[in-house]
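Features as listed in TrEMBL:
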type: DOMAIN; residues: 40-106; note: domain 'P-type ATPase N-terminal'
type: TRANSMEM; residues: 302-323; note: transmembrane segment
type: TRANSMEM; residues: 356-377; note: transmembrane segment
type: BINDING; residues: Asp425, Thr427, Asp861, Asp865; note: Mg(2+) binding site
type: BINDING; residues: Asp425, Lys426, Thr427, Glu543, Phe590, Lys613, Arg647, Thr728, Gly729, Asp730, Arg835, Lys841, Asn864, Asp865; note: ATP binding site
type: ACT_SITE; residues: Asp425; note: active site, 4-aspartylphosphate intermediate
type: DOMAIN; residues: 887-1137; note: domain 'P-type ATPase C-terminal'
type: TRANSMEM; residues: 922-939; note: transmembrane segment
type: TRANSMEM; residues: 951-971; note: transmembrane segment
type: TRANSMEM; residues: 1001-1023; note: transmembrane segment
type: TRANSMEM; residues: 1035-1053; note: transmembrane segment
type: TRANSMEM; residues: 1065-1088; note: transmembrane segment
type: TRANSMEM; residues: 1108-1128; note: transmembrane segment
Amino acid sequence: MGNDRRKKIHLSKIYSFRRRKGEFKDDHSQIGGPGFSRVVYCNEPSDSEASSRNYASNYVRTTKYTAASFLPKSLFEQFRRVANFYFLVTGILSFTDLAPYSAVSAVIPLIIVISATMVKEGIEDWQRKQQDIEMNNRKVKVHRGGGVFDHTEWRNISVGDIVKVEKDEFFPADLILLSSSYDDAICYVETMNLDGETNLKLKQALEDTSYLHGDENLRDFRATVKCEDPNANLYAFVGSMEFDEQQHPLSPQQLLLRDSKLRNTDYIYGAVVFTGHDTKVIQNSTDPPSKRSKIEKKMDKIIYFLFGVLFTMAFIGSVYFGIVTRDDLEGRHKRWYLKPESANIFFDPERAPMAAIYHFLTALLLYSYLIPISLYVSIEIVKVLQSIFINQDIHMYYEETDKPAHARTSNLNEELGQVNTILSDKTGTLTCNSMEFIKCSVAGTAYGYGVTEVEKAMAKRNGSPLIVNGKDYVDNPAHGANHSSIKGFNFDDDRIMNGNWVNEPHSDVIQKFFHLLAVCHTAIPDVDEETGKVTYEAESPDEAAFVIAAKELGFEFFNRTQSSVSVNELDPMSGKRVERSYKLLNVLEFNSTRKRMSVIVRDEEGKLLLLCKGADSVMFERLSINGRKFEEETREHVNEYANAGLRTLILAYRELSEEEYKAFNEKFVEAKNSVSADREEMIDEVAKKVEKDLILLGATAVEDKLQQGVPECIDKLAQAGIKIWVLTGDKMETAINIGYACSLLRQGMKQIIINLETPKIIELEKTGDKDAVTKASRESVLQQIMNGKFQVTASSSEAFALIVDGKSLAYALEEDTKMLFLELAIGCASVICCRSSPKQKALVTRLVKDGTKKTTLAIGDGANDVGMLQEADIGIGISGVEGMQAVMSSDIAIAQFRFLERLLLVHGHWCYRRISSMICYFFYKNVTFGFTVFLYEAYASFSGQPAYNDWFLSLYNVFFTSLPVIALGVFDQDVSARYCLKFPMLYQEGVQNVLFSWRRIIGWMLNGLCSAVIIFFLCTKALDPQAFKKDGQVAGYQILGATMYTCVVWVVNCQMALAISYFTLIQHIVIWGGIALWYLFLLAYGAMPPSISTTAYKVFVESLAPTPSFYIITIFVVISALTPYFVYNTIQMRFFPMYHGMIQWIRHDGRFDDLEYCKIVKQRSIRSTTVGFTARSLARTNPLEIGSHN
């Protein structure tokens, strides 16, 4: 953009709301009432009343902790976990005489684990703190009196300050726009930080403050703003400004939001109304709903189960201990070495019950090693590393927008491998949301020979050639070479291109049609002064496509001022291009309730015209009796366009009389100037009264192409057994045909359609009896659901598709109907919900999640998908063209729908398998270790004697066995990514949770128990009666403990080596390094003085290392302990292989090229109820075979 004044004036030639001096209507005003109590005194920093209101400062803190609260708050967070709290209690008890080990050895592992987690949280919070410091220390010019502006840090800005923001600076708080560098007080704002949208928004100050251009003019400026209290609504603002003893209504048009950026405007002046945590952007920055994976919840139950085992073991041991302690009274003194006659309370036969209670507490401390102390922190580390791998996957990087995948939370990695149902938006998710004008219907004649993806898919489905312009359509790469390469325009029809429309029978209607496209919009033109080329900044891709289409067909919108729109067009009378200007009087904006937008203009002949475009569902009913000349043909064309997967709009107009416009405008201005929460409803009501008696011109059709790879992705996900639901706001016909194009529906699949287009309901709607319509609709939907259930139940081998429209869905989601609806939907292969509102999307997601109790994944790209994403177990945001609202509310962001295939089938499967195996192995190694402690204590008459040295006990989980588990969780692969994608049914292992079922968890625990029994009894029997050393000495309990511990370290690490499917160098290092570390520790620790090393003093150097039997016992015990698992695994792999086992056989036997065998394995994933083109192809070629796999 140039800096010269001429260019600057050109930039402001843009339409905005007509500015009028507003007057307050007392009956509409809510200022001063509940929710509207804020009063701001502008430019009066010393005003006592202003300072007494105590509004929030502009200092913003996004950190979770402060320097003072970090320690207590972080410790509280850590000890909320039941396992950590248990270890805290045992750590405290270790300072008493009850402890069977030293307090230091008990507390240090807990400190290490808690500190690791606290350091991680501290680093994350410090990074947030640095961001806060950077933001709070940004500077902006603030008026300090006398027309002088000084640079001031954001944190020091107060409510009521006047600030001067310059080009490309961010707004430091929520401001009321007073004036700008433009004469008409407009400015351009980029809101990417708020909603991700890159198109510029236009803001405009009140006319009465627009003169405040220089710093000096602010010297004596005083005003009072009364407005709504702080809230999170970004798109609404209700307030008034009292200035020069007049009240002026304020709207969102005057509000500049914090973190927006000033663009294409040299400077603005603004009054601060909301600061810090009162600003709308901070009000919106609430934490997303806390989500925990099902595995994590189940892990808590396993911890409780192990607590139950621990308490049971302690109770049984204590009862036995109490009985044998009481027996010491009889004088036989079986346990003479305890000296019961002079024992303290722990072994006193006369106080046996008390001794048993004390022993119970001692046992709780001793058996605490059943609970894995490092489990939580290890899982957190693994999940963070897994997220990094997801973020770094080059196969999920979209080069066109330079966007990789981004895991915004690591809590749900394993949940990605358990998705049962995907609920997807359509526009921008399955499709590109990049609209192309491809066809239109004008005056009952269809124009445009373009062929859509859906039409190609329909022709392929029907097996018939596609006829275009009377000829067979041939799809080849060269096709379309003659088409325009202009983005948003893919129209081809010589009848109206290149000015040929003047020769058409209804050329006057065609002219009005394209006039409407060129004028009825809110797009902003930008003319390149060097080339003269016009580009457009539009609020939506649809609107941009319409303006571009009008331009390409000869009606070029090139200029917009505050009150006019200029179009360069062909004059059919003279045959020359002329410039025509339309005076812009009012804009009646589009919203999701109105489903239409209109403009009121005055043409050069002085005629008042209302130009309107909107959805067919609201436009046809607004036509006048005389304006329906082409209705039948247009409806037919609209249905054809919908069948071709196109988005349609109806175009119509009417002339207004001066009296009618005057009456409308008075009411419209009154509604615009009202200061109340229902202002929008009042404006809609006024607009509704003028948008009537329209004359139909025709309809537009734009194509939203399928994203690349969508049909292939859906096919793979369907083969994986994942159900796919599409929730869209489109018409039923459009949604159905998009379903065919992306292989969600297929020929031969029976469709169960639930709608309210029955003659009875249509008749009732004409009577206007809402209660009767509601009752009849409810009964009709219930009946249709019951009929559908009967069809699905009666035919178990056929595939069904359920298609529901928005009105029916509202009744289907009612409390007494929703479970029946869900049962029907679950029985269908695919579900499509049409005309769905954002709330309905969220409610359907909740119904599926709560009703099936299985993992749901929602994927969408727009603000209307946020509720659905937050409601699902996993929310996936598409970083597309609709802004970043969906991404900011998601758990994981990807750039294209097709990346979902790799995210779920590869990363999801790997993460699920890794986390499941990791947790099972954690419990295995702790059960193995804990039960050797229990067995030794039983062997020692439950005397509370630990089998191992204190530090052996403490460092087992932290050093000698922790790293291999982390390596398993990060690197292990049962099959490669290539095989995950080739055999999608592998994914069902996660959906059915076969790798983390109670059977498998208990199996691993029993494996640990078996290993503990073998280690303990083989070691004790091998060492007990024989001389151990050369001098004939037998092994003491120190030698037995060190030998058993060596065997445990070897067994659990070798068990890890057996369980791993994919060895990397890192895994070799951590597994064999863990064993080596034990020997090094034993050597170093044993070299310390006896006061420190106690029972480990030189035990390795003097007792174990020189003795051959130590090595023989170790080898023999390790082989014996691993044999049961090896035998079980061999039998299972050979005779009862799981699905991943079968794929591993293919890989190891080199049968990847054996097409017949691979086909047998793959077809386990193709069932008759599966969607996707693979299932469609199989159903077409061999319908009997597909039924046999059901």
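The backbone N, Cα and C atoms fix where each Cβ goes, and this holds for glycine too.
Unlike curated records, TrEMBL annotations are generated automatically.
Mapped onto this structure are the features recorded in TrEMBL.
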residue : record              : contacts (Cβ under 8 Å, 6+ apart)
Asp425  : Mg(2+) binding site : Val726, Leu727, Thr728, Lys841, Ile859, Gly860, Asp861, Gly862, Asn864, Asp865, Met868
Thr427  : Mg(2+) binding site : Asn433, Asp704, Thr728, Gly729, Asp730, Asp861, Gly862
Phe590  : ATP binding site    : Arg596, Met597, Gly614
Arg647  : ATP binding site    : Met435, Asp542, Ala701, Val702, Glu703, Asp704, Asp730, Thr734
Arg835  : ATP binding site    : Thr728, Gly729, Asp730, Lys731, Met732, Asp805, Gly806, Lys807, Leu809
Ask   = Across the domain 'P-type ATPase C-terminal' (887-1137), what is the average pLDDT of the model, as a whole number?
value = 89
Key: Cβ pairs under 8 Å between the transmembrane segment (1065-1088) and the transmembrane segment (1001-1023), at least three   = no
Note = For Asp861 (Mg(2+) binding site), the number of neighbouring Cβ atoms whose distance to its own Cβ is within 10 Å equals 31
Request  = Work through the binding-site residues one by one (Gly729, Asp865) and point out the residue whose CB has the fewest other CB atoms within 10 angstroms.
outcome  = Gly729
Message = Take the C-beta pairs under 8 A between the transmembrane segment (1108-1128) and each of 302-323, 356-377, 951-971, 1001-1023, 1035-1053. Which stretch has the highest count?
response = 1001-1023
Key: Other CB atoms, at most 10 A from the CB of Asn864 (ATP binding site)   = 22
Number of helical, extended and coil residues in the domain 'P-type ATPase N-terminal' (40-106), per DSSP = 31 helix, 3 strand, 33 coil
